[in-house]
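**Student:** Just dropping this structure here.
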Amino acid sequence: MGCDVSRPQRITVLGATGSIGLSTLDVIARHPDRYQAFALTGYSRIDELLALCVRHRPAFAVVPSTEAAVRLRASLAAAGCTTEVLEGEAGLCQVASAAEVDAVMAAIVGAAGLRPTLAAVEAGKKVLLANKEALVMSGALFMEAVRQKGAVLLPIDSEHNAIFQCMPGDYARGLSAVGVRRILLTASGGPFRETPVEALLDVTPEQACAHPNWSMGRKISVDSASMMNKGLELIEACWLFDAVPSKVEVVVHPQSVIHSLVDYVDGSVLAQLGNPDMRTPIANALAWPERIDSGVAPLDLFAIARLDFQAPDEQRFPCLRLARQAAEAGNSAPAVLNAANEVAVQAFLERRIRFPEIAGMIEQVLDQEPVVPLPSLDAVFAADQRARELSREWLRRHGR
């Protein structure tokens with residue numbers, strides 16, 4: 001997508017107050033000649049959104065409700081900030097697709113990020129994709145829209161960005177056509193990699209959220225602890241790189257230094273390494289095909305000294321198996337998996353279920369819900385709702 005190089009690129013950051021959003025703004029602030037924040041959106045952290053608006057002076061801010069909008073407008077006026085406040089999903093879609101926008105960072109967590117991310121794609125934007133649900137829930141629809149509208153899709157997940165960097169430029173011709181044998185998706189194994197399986201019954205939300213290598217929000221931290229995060233990434237990788245699930249192999253790599261690898265038919269294996277800091281993939285995607293300083297410290301190979309690899313233990317991490325099965329089933333199965341997982345993780349964070357019950361609950365919902373095609377966004381949300389209802393029913397049935 002062409003843009004006037006004499007002015008900074010205008011960036012909409014969907015999910016500006018989350019960890020990806022804040023890292024994006026950090027990179028943007030390092031390059032004021034290249035980038036400026038056009039719109040920032042937030043959900044519950046309105047005070048943080050106010051501070052970001054005062055600092056970055058976007059044209060627009062988006063909040064979820066009229067009440068939040070009234071509050072933010074008053075605070076912005078008091079701070080002498082002229083940022084215009086929009087509200088709700090309509091506001092999100094407006095700033096994602098606005099004619100002035102050059103690139104959209106899609107970093108809203110969960111199903112709430114789906115419509116605005118799709119709006120950016122349908123407007124043919126350069127989309128920096130950090131929202132997992134766009135591909136997990138509606139991969140076929142989403143990738144078809146990317147193709148039809150000529151949007152540029154750049155993955156932000158450190159693993160998918162690593163794969164993207166290790167792929168030849170023409171990988172869209174098909175993996176076998178460009179000599180790719182398989183994709184190796186790395187996983188840290190999370191905080192419970194070596195916890196005895198029987199001890200997982202008693203782990204707390206606090207323990208699950210204490211990731212050894214990455215700083216993340218609570219939901220994704222639990223997903224990392226259960227390895228559902230890696231399962232969702234496997235589904236995403238299949239859509240992003242047009243791969244069948246059997247071509248994507250998960251490798252546990254505790255140091256989180258190698259972010260993923262691509263194995264070629266000639267015996268070459270290309271890997272992308274770096275310190276575990278989301279500013280690297282963000283800077284890579286913002287500047288692609290160029291390179292810019294991200295603020296991340298150079299990798300010290302001598303300090304790392306060693307890199308370890310092991311196969312994932314699917315007895316310890318049944319969520320990984322469930323995600324692979326959903327990827328193989330296709331159609332509505334990944335959307336159902338995702339919805340059931342969201343309800344289960346929330347219940348675990350509220351101490352209503354134990355950690356191993358996350359997988360048990362998801363498996364029962366997957367068994368109950370038939371796999372059907374999802375020809376429209378309405379069908380995607382209908383499958384999502386049915387899975388949430390079945391999940392809540394499971395909680396009621398088990399007295400939670």
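Cβ atoms here come from the backbone N, Cα and C positions, even for glycine.
Residues annotated as NADPH binding site in Swiss-Prot: THR17, GLY18, SER19, ILE20, ASN131, GLU133, GLY217. Look at Swiss-Prot and you will find LYS132, SER158, GLU159, SER188, HIS211, SER224, ASN229, LYS230, GLU233 tagged as 1-deoxy-D-xylulose 5-phosphate binding site, backed by sequence analysis. Among the features that Swiss-Prot reports, Mn(2+) binding site is placed at ASP157, GLU159, GLU233.
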**Student:** With every protein chain in view, what's the tally of Cβ atoms within 10 Å of the Cβ of THR17 (NADPH binding site), excluding that atom itself?
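**Tutor:** Other Cβ atoms found within 10 Å: 22.
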**Student:** Return only the integer: C-alpha distance in Å from GLU233 (1-deoxy-D-xylulose 5-phosphate binding site) to ASP157 (Mn(2+) binding site).
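**Tutor:** Checking the Cα atoms of GLU233 (1-deoxy-D-xylulose 5-phosphate binding site) and ASP157 (Mn(2+) binding site) gives a distance of 8 Å.
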**Student:** Please work out the number of neighbouring Cβ atoms within 10 Å of the Cβ of GLU233 (1-deoxy-D-xylulose 5-phosphate binding site), leaving out its own Cβ.
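**Tutor:** The Cβ of GLU233 (1-deoxy-D-xylulose 5-phosphate binding site) has 29 Cβ neighbours within 10 Å.
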**Student:** Around the Mn(2+) site formed by ASP157, GLU159, GLU233, list the extra residues of the same chain whose Cβ is within 8 Å of the site's Cβ centroid.
**Tutor:** PRO155, SER158, HIS160, ASN161, ILE163, LEU185, ASN229, LYS230, GLU236, ALA237, SER260
**Student:** Which secondary structure state does DSSP assign to ASN229 (1-deoxy-D-xylulose 5-phosphate binding site), in the simple three-class scheme?
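**Tutor:** DSSP assigns ASN229 (1-deoxy-D-xylulose 5-phosphate binding site) to helix.
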**Student:** To the nearest whole angstrom, state the Cα distance for the pair GLY217 (NADPH binding site) and LYS132 (1-deoxy-D-xylulose 5-phosphate binding site).
**Tutor:** 14
**Student:** In the structure shown, with every protein chain counted, which of the binding-site residues GLY18, GLY217 has the densest set of Cβ atoms within 10 angstroms of its Cβ?
**Tutor:** GLY18
